[in-house]
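Data block below; observations after.
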Amino acid sequence: MAAASRAIAERTPLVDLILEVRDARIPLSSQFDQLKDQPPSSKRVIVLNKMDLANGAEVKEWMSYMEHQKQICYGVNSHNRDNIKKFLNFLQAHMRQLKKIDYSSSTITMMLVGVPNVGKSALANSLHKVGRVGAAEKGKLKHATVSPLPCETKDISSFKIASNPNVYVLDTPGILPPVINETEICSKLALTGTIRDSLVGEKELAMYFLSMLNSSEEYKKWAELSSAQTGRMLADCEAACASSSDLDMKGKRRYPSDHTQDFIVDDVRRTLYEEASSFQRKLAKSKDCMRLIELQLEALPEAFRVPLEFGDDSFVKVSKKLLNLYRTGRLGHYTLDSVPNHSHLIL
């Protein structure tokens, strides 16, 4: 990681534009440490990626805050082709403004930087694909390695994203600060996948997510799943799963072990809603918050179809499945960082 940090530092003054990629769910906690104390600059754009997983209203507040701080900011979903087209047009327009002389004959270089697993490689791939298609260029597309695990990008790679002028983007390895002193920031980075789960613990991360869920309004959206009719439907689903010859409406088999299937996701949502809504105590005290989380964890194995006979391993399996549903947006959209009140904070 030290070698990657040096390589990025050496290239920073040489590129035309720095694209600091952050996770839209943690716009402050995912800031890039090497740029933390740098003042706002027209040569730096903060890119809030994974917009599809964040709370839209809260991200708008963050973008408004950054604009107030004189910081250029753009929100993207690297898997949305139309969004990437608009982002590429924005980058080209911004570069035309920066390079007012001989823009058409220039070669532009941009560099993606950020902490691990904020989607730099996915963004590089999408910009490369959309840019090459838009320029009607032929030839084999390059692909940066994309993984749900952090620290998969090992080297700096170059991708062409536009022609006339030629524009290249550099994909770089994710870099974390040597030490993260604040426990809350560490928890947020782990929950969003920047830090490997094993360093914190799957069960601990699942509990952290549940504490966030219970303090939000998100679970209340699942009230419609808690009804006698829904209960009968879920029972029918169980019967269907038990029969190897039964198919669902789309002609696909239902697999109880696949927690990503809609009927299991709905059952998980229903379980979380019912436990939270029926809890009699107020969540002002930490011991009451912990008690609700314990009740939810005790109820979730049944929703996930995980046998309790495995003991502690059952709760680890449940935790992994729960974290996966959160990270893919199946259990709501959250922005974990609150917009600061202190105007002197440098982004």
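Cβ coordinates are placed from backbone N, Cα and C, and glycine is handled just like the others.
The GTP binding site annotation in TrEMBL covers Asn49, Lys50, Met51, Asp52, Asn77, Ser78, Gly174.
The domain 'CP-type G' feature in TrEMBL is assigned to 1-178.
The Cβ neighbour count for Lys50 (GTP binding site), using a 10 Å radius and every protein chain shown, is 28. Taking a C-beta cut-off of under 8 Å and a sequence gap of six or more, Asn77 (GTP binding site) has these contacts in its own chain: Asn49, Lys50, Met51, Asp52, Asn83.
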